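Everything on this sheet refers to the single structure shown next.
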Amino acid sequence: MVLKVSLIMVLLVTFSCVVEALSTNHDHRHSQNGSSLAAIKFPDHPSFSTVSSSGDTDCSLSSSEELGHSGSTMTSGEETDEEGEAFPAPKPHKQLVKLHLKHRSGSEDAEPKQSVVDSTVRDLTRIQNLHRRVIEKKNQNAISRLQKSQDQPKQSFEPVVSPGASPASGVSGQLVATLESGVSLGSGEYFMDVFVGTPPKHFSLILDTGSDLNWIQCVPCIACFEQSGPYYDPKDSSSFRNISCHDPRCQLVSSPDPPRPCKGENQSCPYFYWYGDGSNTTGDFALETFTVNLTTPSGGSELKHVENVMFGCGHWNRGLFHGAAGLLGLGRGPLSFASQMQSLYGHSFSYCLVDRNSNASVSSKLIFGEDKELLSHPNLNFTSFAGSKQDSVDTFYYVQIKSVMVDGEELKIPEETWHLSAEGAGGTIIDSGTTLTYFAEPAYEIIREAFVKKIKGYALIEGLPPLKPCYNVSGIDKMELPDFGILFADGAVWNFPVENYFIQIDSDIVCLAILGTSRSALSIIGNYQQQNFHILYDMKKSRLGYAPMKCDDV
């Protein structure tokens, strides 16, 4: 494979909690010349532009109002479609929701090598924490309460269309929202612009496929991290409703420790959600209206309201969330935004992350609903999701790897390396919240040795931890690197372009963008390896789809 090498800036997509990482400073200068390999950069932290969303008054969270619906409702107020009809019900025709993720360049003085070190430290801490969550969540009271509730009649918490809406044939829509890259905020997350409450107020929330709960910092904010713009104030919204501790939905969240006895009918449902690294949120579980911008097939724009979205009103929040007001979960659990939207938009969502050479005007995309263009793509491949709720935490998206291939050769990696144990150890997840790709030992060492064996003609550079192997490519306009692909247990193969698994660290240095973890830890396919692929999460058929695509054209 031939690749012109040079230094560019990398956009990290991290949909997850960010952890504090301290690493040794490295003083390397960098230059830039227009290549397709990327260097990781983290600029300084600017401020967001947000709309005022709170006042100075305290919120009354001791009582709850009568809930008018069992689940979320989508309404359009006085808005109608082009023919004067109310916004159509999602059944039998599901809506298509498309969200735009804007790539925003960082500062020019960022040091790519130090940024790589910082990001890998965060990644490794995240992997350890995800592993802890898999093991420890089995003992949390939320799981035991959910197991006990299996003997009770099942409650439906899916969104429903307002009674006044009528179905219309063949109507689809796109939900368009702006998502900012966190690069210019000194982080790697993507921020989604969300309008919450009645009247709607603007907040920037971090997207996270590794967690479920949607939550926002709320007044009174007793212990909160710094955010851009005011906190959300329930008193300013006529659509805010607490969920009672007697409500079956309260069983979906973990209680603070020790649990608070549920006595009064109007007592709110307290929640506690943790990320394993010291980041956490505690507050009241509630319902609120989220407002979205729906784009019709003709290109018109309509504001629609999704009512009774379950979310956390956080009064005690801790962690590095880089100016965000909270977090929007996209995990597999019932609390996630993706799960709550399923009855409106179907059981699938997808995203397409632009490559690191893209300019600031190009957007990545997050799409809810069936994307017919993607499904008709000639190079769309699928692999089944692995694991089950009995042997793993239901938040994560597991896939079953059989082996990996380097330059067409299937490597001899012990089969048990890829297994997910009954205790939740091991296994492989696809995660847009982790930057690079990580394979558990001994898989990583076998992969690394295969690349070293097959790459000839370039000086091997030592002493550039944590990435290895690294090569000196000074004065080389074109270089040849081995192909790389993942072979899944069901026979599917995922082949990657070289810019998805090699990264430029300095003007003269390129490194393999794959690292290792311990034998008992998770293996993770990170977002760097997913760039310029349209990734489909099909929950109805329990499968992951992936198609090579120029994502700025989606």
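Note that Cβ sites are derived from N, Cα and C of the backbone, with glycine treated the same way.
Look at TrEMBL and you will find 1-21 tagged as signal peptide.
Residues annotated as region 'Disordered' in TrEMBL: 49-90 (among others).
The compositional bias 'Low complexity' annotation in TrEMBL covers 52-72 (among others).
The feature compositional bias 'Polar residues' is assigned by TrEMBL to 144-155.
Taken from TrEMBL, the feature region 'Disordered' covers 144-171 (among others).
As annotated by TrEMBL, compositional bias 'Low complexity' applies to 159-171 (among others).
The domain 'Peptidase A1' feature in TrEMBL is assigned to 190-547.
Summarising the annotation, TrEMBL assigns active site to ASP208 (among others). The number of other CB atoms found within 10 A of the CB of ASP208 (active site), across every protein chain shown, is 28.
Here TrEMBL flags ASP431 (among others) as active site. ASP431 (active site): 28 other CB atoms within 10 A of its CB, across all protein chains.
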Distance [Cα-Cα, Å, rounded] between ASP431 (active site) and ASP208 (active site): 9
